[in-house]
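Okay, structure first, notes after.
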Amino acid sequence: MTFSEILDRVGSMGRFQFLHVAILGLPILNMANHNLLQIFTAATPVHHCRPPPNASTGPWVLPMGPNGKPERCLRFVHPPNASLPNETQRATEPCLDGWVYNSTKDSIVTEWDLVCNSNKLKEMAQSIFMAGILIGGLVLGDLSDRFGRRPILTCSYLLLAASGSGAAFSPTFPIYMVFRFLCGFGISGITLSTVILNVEWVPTRMRAIMSTALGYCYTFGQFILPGLAYAIPQWRWLQLTVSIPFFIFFLSSWWTPESIRWLVLSGKSSKALKILRRVAAFNGKKEEGERLSLEELKLNLQKEIALAKAKYTASDLFRIPMLRRMTFCLSLAWFATGFAYYSLAMGVEEFGVNLYILQIIFGGVDVPAKFITILSLSYLGRHTTQAAALLLAGGAILALTFVPLDLQTVRTVLAVFGKGCLPSSFSCLFLYTSELYPTVIRQTGMGVSNLWTRVGSMLSPLVKITGEVQPFIPNIIYGITALLGGSAAFFLPETLNQPLPETIEDLENWSLRAKKPKQEPEVEKASQRIPLQPHGPGLGSS
């Protein structure tokens, strides 16, 4: 008897599964608000130097830029030198008395004057948040293996709720960055546990649908944020509004059951059996649940227990040439996807279009993009889909370099197209990486690969600072990186309709078969298929 058959006995798609997926999905819906929050809480309005006390606000105080508007970071020295009759010859100085902001909405930029020489701090805040996700993945992944999925999920909900609320009351910018780091740390724990707990409790035939539903929760969450930001103009209240729900999720998570596989592998089979019987009773199959025994449960997971005893580390990813090449190519693709995604997702205000409408469009393009990706993965294959997604995204980003700023419509269309390609890349990478790595080292391979997408996400905001040297430099860097990531996919083997490798030896045999003349394809067993799982930047770990 397999675990899927045990799941069928207790109810594989009963009331429990639907409630379970809903409880896991609602936090993902709200998690998108935190990932993209700085689009609105760190918006930079039009601004100019505050005039000196007792000075008139006119051209004698504020020098005009090439566009006929006041310079944002300079003002004339006051009082003026009477010996210089031409105002263009007057000396200028930085904004010594602060700035005047042309906006009714406040943000961390207007509160702490993160403009001109301090504008780098705005990008630093987003990178600090991404660093929290990166460090959280490294720390909480190990803790999840030691203490279980549910405790990490529960603590992560509480951490995100508390640190998000703390950020709303931050008295200074450094304290705000500390809380944002902790927010990212909590998000990483939520992602890690949610993906595992979602997949385990649904049957194989329904995993694609349920994983699709979970993936779309993040997509639809992107529609909520613009509405909240429009209705709540104060950044502190907006920060608090998106954080409070996680206190509720913290309470509801106590209903979420622990991973059965983790319990059995940790020597807690009796507790696993109690949970299975509780699920059976909830699904109206109490008698079937009572018939289950510890012997059946252990026998079912015997293979997984044996695999768990085989210890593999990240160094094993570089032990054989094929595995080493795969790791390099996948890491580059993951890095490029996270790097390019956040260049567009967090650069909404750069296109000169209504911030709220464009964010809704950016979220909406994910819906058809993920659907097209599923079709492409099924019919064109993995490495073709992966290469196309990143190459098209890179091409769109590079094209932005050559489109004048006044052609806002063209620039917006290119940005939306590129944004749609990048979630497709995430979706493909999640499936592709799972299929390429052998079972005995799959979790390690996924962890290393996902580490690189977090590094890319963390570095992405910092690259925008190079725009101060030349405005086109950031898009050149983003675009070329995406093209390199797409090209790396051509060096990866195709996995469509191929059996999953269980051990490193299986992978070596797969490599030897690939060098032989092409024969009839091996029929893939249904039990070996990994479902297509739409993936997003907030669902980056498993």
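For all residues, glycine too, the Cβ spot is worked out from N, Cα and C.
Swiss-Prot marks one residue of ASN81, ASN86, ASN509 with the annotation N-linked glycosylation site, and that residue is ASN86.
Taking the topological domains listed in Swiss-Prot, GLY352 lies across the membrane from GLU494. Only sequence-distant pairs (6 or more apart) were considered; of these, fewer than three Cβ pairs between the transmembrane segment (387-407) and the transmembrane segment (155-175) are under 8 A, so the stretches are not in contact. It is 124-144 that, among the stretches 21-41, 124-144, 213-233, 237-257, 355-375, forms the most Cβ pairs under 8 Å with the transmembrane segment (177-197).
At the 8 Å Cβ cutoff, the transmembrane segment (472-492) and the transmembrane segment (328-348) share at least 3 close pairs (sequence separation 6 or more) and count as touching. Ranked by number of Cβ pairs under 8 Å to the transmembrane segment (355-375), the listed stretches 155-175, 213-233, 328-348 are led by 213-233.
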